[in-house]
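Participant: Pasting in a structure now, in structure tokens, and then I'll have a few things to ask.
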């Protein structure tokens, strides 16, 4: 119920309000005694002439003493619990003769609650008082002490509560002791008003229950605002606990000594926060205190999107050195940038064209026929090509330089002018070249003539060559019409064709490359048969014609009619025969032929004007026919909505509408419509269908069919386990059918994944997501950067990752991953493995194991798709044929992977393991030797014994890293396959495998006495300090390894087996014979980092841990370090800082030198610091750090 203080100690510190203090009372106390002659009040004056009130009683000779001393009424004020501090002396009964039966060495402390004081004559009722405690002395005095004038003063503190009434009396009951009550102090504790994190907290009285805290909300100081609600918790002892939330200085104010003061003139602060005011950027100033921004000087401006920290800029000067170069077909303008860009980098150029008549006549803007490449406005380059101009005319061109602040001021336009006279114009560039038909050795091509040719086209030249053979040889031919039949070609070969036109002025440039393939050998029978039928049909026609002519000799009237009928009958007969042959021919090649009418895919990028490709392949829709209903998602370019499309003469159909957000650039519009240019070329039930586009009004839209069930991956996760195997195979068959169509027309998808497959309400799967341009990055984690985002490594074929070689074969690899996703109901391929681990595992031969419940036949197909040699992967027509056989024969799907003892055949690049091998040699061969003792301890001593291990068994023996688990399981699969092959060959009985000899594990803990002590123990021994406590703060971002490092530093018998991440903070104490360590392990999670500062004052050394593999958050670590170093409790102290560049075992971890450079440690001049590389899990590198730290603490001691 109370607290004790040792004899001779001084009064305890009181954190609260004093209700009574007898040492501070100047007059008489007037306390009541019962009986009157019981307690004696003695008042003396000290050396400062202040009264000392003492109450004494010493009736030890008489038995049955009951002497009471009662205080005056004490108002409790705001107290709920009070504390009574007594200072007294007590005589040892043994030092008084003849009182053994009557002398006592204790007295009682009691209290009585009441709402008002009793009158002076009120009768005293002892039974109304409640006992607080019996008070005994820790030390009593004797007669000898009196002679030596030794005062043995005792101090006791007792707590009373809860107090419910407005006040109370205290009473002291003597039962036969010899006591001198020197002083009485009554008080209650409170948390005093304080300022924390720019918030003011009032005086707060704690609750009676010591286990509960009082939450107090603070009020931000003047010119501050809440960032997070500031709160403090008042503890039972009157202490404020760690604060939560904070206030920050408002715009235009900065923190100074706990207050927010206005920024000085010439400074500004644009954002609320605890940062200092900044000096005005160049060419700007602030003339008043508390400015939120600086105003630009005269002639300088700040664009709307410019941040306040950016210097004010001005408009650029005019472009320089404008020159032209002209030929028969194009005019080239070039210039150099302005001499003064205005201090900005966003300089662009506009080109204005004027056609001028004879001298003295006004110039007029050029008509719309004149084309500018790449465009007339918003140019970022310093050149432009002008085409389709008129011959023998005068043109004036103006080049205007602009930047982000052009138009904000009233300055004159900055133009450069040049006048050009054109001569005879050459022909325009030939547009799209199409393939009309192809045979084994010839291809028929055609193209459109220029709508407005500059001059008469004399002829066309066609250059052609085998694909990728242009540097070796090429051929050419000419034609006077916009079509040609190129003969003498090789069967089944892809050729590239270029076309250019010629006028009297010369040749135009060649068109872009167009690729077309000749027919294959299988067409020979078809053609021969067709000609046979054709010859027979012609004979029939000629006989009919002869009969008609004979009849016409006698009846002239019917001549013309008979001729016409014969001609049309002949024509109909030939067409019907050829059509019949087309149908027959489709049956000659197992249901999969490249139909003569199948269009070849044309890359929209081959068009000079991308909008031409959109109009070529996509239908323009009147926006009034579209009704948008709701937003269902968001893409890179804008929102994705569901809605309805009204088609004349038909009912409305549901559609998905992709919209292009406002404020787009021309490049964004082109990239957005590129996908429509691609989708418009596809016509297959398993490819998402394009309904049309809206390009002539805003917003620009792409309208596609609506797929009710969304993406395949999320659909499968939502319906996990709901489908039969046949249904899943049907989905896979639909995807393969769509990919077969794309492969046949020459389109490579490059991003085939379940997330890019859409599902309708009939479970029909359709391939989507087209038109992304991809560029391979150097960063293996990022894989591919696309205009639509990043494509994960785990879906991409190895050759596409390494050499950027995309093909239908790389799509086949991706299809195998999609199969795995479908059979696992949307599980993430390779689980939580990093992209780097995925790449390494695939290179080493690892392939994904079969999902649970997967038929063997399907996993075999997956493994075929994952063949390292791309030529050995199945084509999509083979995949469709295989899946059709499975659907027709469902019994082939009953054998599951779990039902067989060996994995399906793995890729042939799996490593072979020699005979007579031990467990150790096997692990060495796959670079996993560190787990040898794990296998042996678990009883796995032969390759026979490990061949049945699953991934759960591997985890169970202590292999925790996912990448290592996969590598070991992959190798076990290969061993299992070898066992199966040997059994089938009859050699298993002769395979002798030597078991591994058990070995005693010699860990560092067992072999090194210093390690057994723990590094902190060793440090304590070096210091040689007696009962010295060193407070070490362990800081760093979350997941950097702080807790693991602290665990390694502890004595071995105190180390935890399982490391749990720190939430908030934890305190670890280590005691040795000469030193006591208190290590504060502070959580690195963002919401807890602001708590670090509350431990800076106690910190005598800092350990700062960095995750060397976390490159993305290295800048965050630097920011937290800078905040630490600039904190008032750290900034001016020479406190040693030890940096651990941790996780050096990671493959792409940064070196300690690189980490030091990124954190700018060389700028730390006023504190000793040291950085060393470490692997906390293995305990490597920690010794070096501790060695350095002990030297620094020793230097602090001396």
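Placed from the backbone N, Cα and C atoms, the Cβ positions cover glycine too.
All TrEMBL annotations are machine predictions without curation.
Pulled these features from TrEMBL for this protein:
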DOMAIN    16-196  domain 'Eph LBD'
DOMAIN    315-425  domain 'Fibronectin type-III'
DOMAIN    426-521  domain 'Fibronectin type-III'
DOMAIN    626-887  domain 'Protein kinase'
BINDING   658  ATP binding site
DOMAIN    918-978  domain 'SAM'
BINDING   1036, 1037, 1038, 1039, 1040, 1041, 1042, 1043, 1084, 1142, 1143, 1144, 1145  GTP binding site
BINDING   1043, 1062  Mg(2+) binding site
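Can you tell me where each of these features sits in the structure?
Facilitator: DSSP labels the residues of the domain 'Fibronectin type-III' (426-521) in these numbers: 0 helix, 44 strand, 52 coil.
Other Cβ atoms within 10 Å of the Cβ of residue 658 (ATP binding site) number 21 in total over all chains.
Residue 1143 (GTP binding site) is surrounded by 23 other CB atoms, counting those within 10 A of its CB over all protein chains shown. In the three-state DSSP assignment, the secondary structure recorded for residue 1143 (GTP binding site) is coil.
Residue 1043 (Mg(2+) binding site) counts 22 other C-beta atoms within 10 Å of its own C-beta, drawing on all protein chains shown.
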Participant: Could you tell me how many residues in the domain 'SAM' (918-978) are helical, how many are strand and how many are coil under DSSP?
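Facilitator: Final tally across the stretch: 43 helix, 0 strand, 18 coil.
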Participant: Reduced to three states, what secondary structure does DSSP give residue 658 (ATP binding site)?
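Facilitator: Going by the DSSP assignment, residue 658 (ATP binding site) falls within a strand, counted as strand.
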Participant: Do you know the DSSP helix, strand and coil residue counts for the domain 'Fibronectin type-III' (315-425)?
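Facilitator: Secondary-structure breakdown of the domain 'Fibronectin type-III' (315-425): 0 helix, 51 strand, 60 coil.
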Participant: Roughly how many Å lie between the Cα atoms of residue 1038 (GTP binding site) and residue 658 (ATP binding site), rounded to a whole value?
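Facilitator: Per the Cα atoms, residue 1038 (GTP binding site) and residue 658 (ATP binding site) stand 40 Å apart.
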Participant: Give the distance between the Cα atoms of residue 658 (ATP binding site) and residue 1145 (GTP binding site), rounded to the nearest whole Å.
Facilitator: 46
Participant: At the level of the C-alpha atoms, what whole-angstrom distance separates residue 1036 (GTP binding site) and residue 1043 (Mg(2+) binding site)?
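Facilitator: On Cα coordinates alone, these residues lie 10 Å apart.
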Participant: Round to a whole number and give the Cα-to-Cα distance in Å for the pair residue 1143 (GTP binding site) and residue 1043 (Mg(2+) binding site).
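Facilitator: Roughly 13 Å, rounded to the nearest whole number.
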